[in-house]
Amino acid sequence: MSGAVYDGDTQDVIHSLYNSGPISVSTIEPQFLLGNLSAATDINTLMKYKVTHILTIDTCPLPRQILELKHITTKFIQLSDLPKEDLLKYLDDTKEFITSGLAHGVVLVHCYYGVSRSATVVLAYIMHKYHLSYSAAFEKVRSKRSIVCPNQGFVSQLKLYREMGYKIDKNHLKYKLYRLQIASDKVKRTKILPQDFFDLIKPDPGLVRIEPEPNCYRCKKCRRVVACESNLITHQDLESSSSCSKTYFLEPLSWMSSITQTTQGKLHCPKCKTKLGAFSWVMGCHCPCGSQVAPAFYLTPSKVDWTNVVKNVEVTI
């Protein structure tokens with residue numbers, strides 16, 4: 001910070017443009033701070049606490065005057081304090097930034113008020129470090145900063161973060177459902193699937209694989225493989241309290257050609273074009289067991305066969 005000098009007038013301008021109330025900063029652990037925007041934009045506060053790393057979770061980045069300070073490393077995540085915002089996907093990156101920062105200096109994590117977004121990131125780090133539940137981590141952090149209060153969406157994300165073992169596990173069923181729900185909300189507004197959700201579309205299980213899965217579903221008419229057991233999205237049968245098999249719900253697959261361009265439609269076998277099922281990003285599907293599944297990508301059981309052996313042969317599309 002010694003390489004940049006600002007006079008009182010400049011500091012007053014910063015405060016007027018980035019005023020989130022009185023400066024508020026709390027020491028969660030030695031060298032680990034949680035605060036508000038006013039703290040992150042106050043030169044004297046940064047110098048007082050010898051801050052070397054600033055993690056910003058807000059709608060706007062820090063002012064240029066702060067970003068240009070020497071010997072301070074910054075990271076910016078653009079995010080609003082809304083329950084449907086996906087903060088979970090950043091938690092591995094924020095954990096890495098905080099860990100690296102603490103190894104070299106003092107880390108300040110902040111959002112606008114230092115209450116919800118930044119508190120969520122700090123809680124995730126504490127949960128991972130001490131292998132704590134959300135509730136235990138919350139009490140630990142609140143003992144240092146009484147105003148922490150993540151919104152309910154972020155609380156749910158933190159609980160899922162723990163279920164996944166304090167890391168993002170893209171193969172975890174609940175994470176798949178979580179991401180699909182976020183994508184559904186996006187499709188509802190835009191009518192198409194945004195490109196940053198294309199990773200939800202899994203490879204075609206009917207194409208050649210070095211190690212094909214042994215259990216799969218085939219088109220009853222042409223025997224083309226259309227899904228594997230790992231592609232199933234299970235849900236509870238409301239009548240029997242066990243996994244439902246009355247409709248086969250799947251994660252999106254690359255052979256489902258129209259799913260990126262429209263909100264709903266039919267699913268046809270990519271080889272013989274027989275109708276196998278349907279999909280709906282927004283409305284979902286009412287399963288015969290009584291469950292409402294949304295979004296939904298499903299096969300009709302009468303249109304496919306379950307087989308236990310997959311031969312590793314090339315499929316003609």
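Placed from the backbone N, Cα and C atoms, the Cβ positions cover glycine too.
Since we're looking at a predicted model, the values are computed, not measured.
What TrEMBL says about this protein:
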- 24-167: domain 'Tyrosine-protein phosphatase' (DOMAIN)
- 85-145: domain 'Tyrosine specific protein phosphatases' (DOMAIN)
- CYS111: active site, phosphocysteine intermediate (ACT_SITE)
Neighbouring C-beta atoms (10 Å sphere around the C-beta of CYS111 (active site, phosphocysteine intermediate)): 27
Taken over the domain 'Tyrosine-protein phosphatase' (24-167), the model's mean pLDDT: 98
